Amino acid sequence: MAKVLCVLYPDPVNGYPKEYARSSVPRISGYADGQTAPTPSGVDFTPGELLGSVSGELGLRKYLEGLGHELVVTSDKEGQDSEFDRHLPDAEIVISQPFWPAYLTAERIAKAPNLKLAVTAGIGSDHVDLDAAIKHGVTVAEVTFSNSVSVAEHVVMMILSLVRNYLPSHQWVLDGGWNIADCVSRSYDLEGMDVGTVAAGRIGTAVLRRLAPFGVRLHYTDRHRLPAEVEEELNLTFHESAQAMVPNCDVVTVNAPLHPQTQGLFDDRLLSTMRHGTYLINTARGLICDRDAIVRALESGQLAGYAGDVWYPQPAPADHRWRTMPHHGMTPHISGSSLSAQARYAAGTREILESHFTGTPVRPEYLIVDGGALAGAGAHSYSTKS
Ligand code: NDP
């Protein structure tokens, strides 16, 4: 029988919810590219419940224990003596979420001889050392598309929040003020601006589609070009690289995975080539942006605003400079973990586990590493160090 080790973020500080703001979530059966939403044989949760925290257990306990497997769920993931490290040596499966990542480093993978499968309950498997997973024959899978639209909506929200100066204006209300001039002295319309995405995969394309009606000029760069009809429909300008694109933009959104080609991409040099007063939104991964270079660019005014929900490390320490830098709209890593998204990635995690236990192939679109190589979606979108 297998030990399944699942690392989830802690429950709300006031305890696991007894009731919810809404009684249901819309049922999404498929995605923009025709891919179907997860199709497990069943689920043991009600969509709309909090599944991503420890007590939610991704709704997996009944299913796994029914098959005789052991499920360990913890949020204790840091340091040699963490519950995660204590259970890792005999775990067959590790499940983790990018929001509260259990970093599966090469050292940790070496200490887990039984490990066969690392599941990302969500999208983005950069918390797993993919080279080490390849070397040790560990399969890495994620629930592709499960929260792509969730993130795209968050990106659009953050672009509008920054450009229109929403958060500081809201703060004036909380503080009892009516300071219109203070609010509007940094407030603009998005209409007419140039907006570019670094990567036009599932999230990047969803962002482009949602922004098109705002009357903006849309730009993108990606390793693979979008079909000509999509470029035409959205009136997209393609650029060969981020370096070529960003000088042409007022707003830049980052939607690429973190891998050797994207780590540290937004450094002092690239930021200095952007238009003065550009807004930068990064919901992809914190390490794609150089932490201190972002602070410098905000302080100098080179960036007019920075927002996102991804940091390094996660959780971000209390003294992380992005908490206090000027003109930011940061949140904890939440964009892909709405209750709506949780229902999909919990079901997708169950689907991947069912494939593993029944010996049926995991959908190629879920695979990042398999059979000792990048595979499926991973072969398309990731790179390795070697
Ligand atoms: P996709 O795999 O659909 O898209 C990623 C795109 O990035 C692909 O089109 C890929 O290109 C492109 N890409 C990869 N490397 C580069 C590069 N060096 N330069 C330009 N483009 C590049 O993934 P999603 O859109 O679903 O997700 C993207 C990322 O967003 C995830 O990897 C994750 O890090 C992050 N994410 C964040 C979430 C959150 O809650 N904040 C939730 C979900 C995801 P191609 O394949 O054409 O080679």
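Every residue gets a Cβ built from N, Cα and C, even glycine.
TrEMBL annotations:
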DOMAIN    68-361  domain 'D-isomer specific 2-hydroxyacid dehydrogenase catalytic'
BINDING   Ile123, Asn147  substrate binding site
BINDING   Ser148, 202-203, Asp222, 257-261, Thr283, Asp309, 333-336, Ser381  NAD(+) binding site
DOMAIN    156-335  domain 'D-isomer specific 2-hydroxyacid dehydrogenase NAD-binding'
SITE      Arg285  site 'Important for catalytic activity'
SITE      His333  site 'Important for catalytic activity'
Nonlocal neighbours by CB distance (under 8 Å) for Pro257 (NAD(+) binding site), same chain, sequence gap 6 or more: Gly124, Asp126, Ala199, Ala284, Arg285, Ser381, Tyr382
Inter-residue Cα distance where the pair is Ile123 (substrate binding site) and Gly336 (NAD(+) binding site), in Å: 8
Spatially closest candidate among Ile123, Asn147, His333, the listed recorded positions, to Gln261 (NAD(+) binding site) (Cα to Cα): Ile123
DSSP-derived class (H/G/I helix, E/B strand, else coil) of Ser148 (NAD(+) binding site): helix
Residues satisfying Cβ distance under 8 Å from Ile203 (NAD(+) binding site), sequence separation of at least 6: Ser148, Val151, Ala152, Val155, Asn255, Thr283, Ala284
Secondary structure of Gln261 (NAD(+) binding site) (DSSP, helix/strand/coil): coil
CB within-chain contacts under 8 A for Ile334 (NAD(+) binding site), separation at least 6: Phe99, His154, Asp309
Rounded distance in angstrom between the Cα atoms of Ile123 (substrate binding site) and His259 (NAD(+) binding site): 14
Lowest local Cβ density (other Cβ within 10 Å) among binding-site residues: Asn147, Gln261: Gln261
All-chain count of other Cβ atoms within 10 Å of His259 (NAD(+) binding site): 19
Cα separation, His259 (NAD(+) binding site) to His333 (site 'Important for catalytic activity') (Å, whole number): 19
Rounded Cα-Cα span from Asn147 (substrate binding site) to His259 (NAD(+) binding site), Å: 20
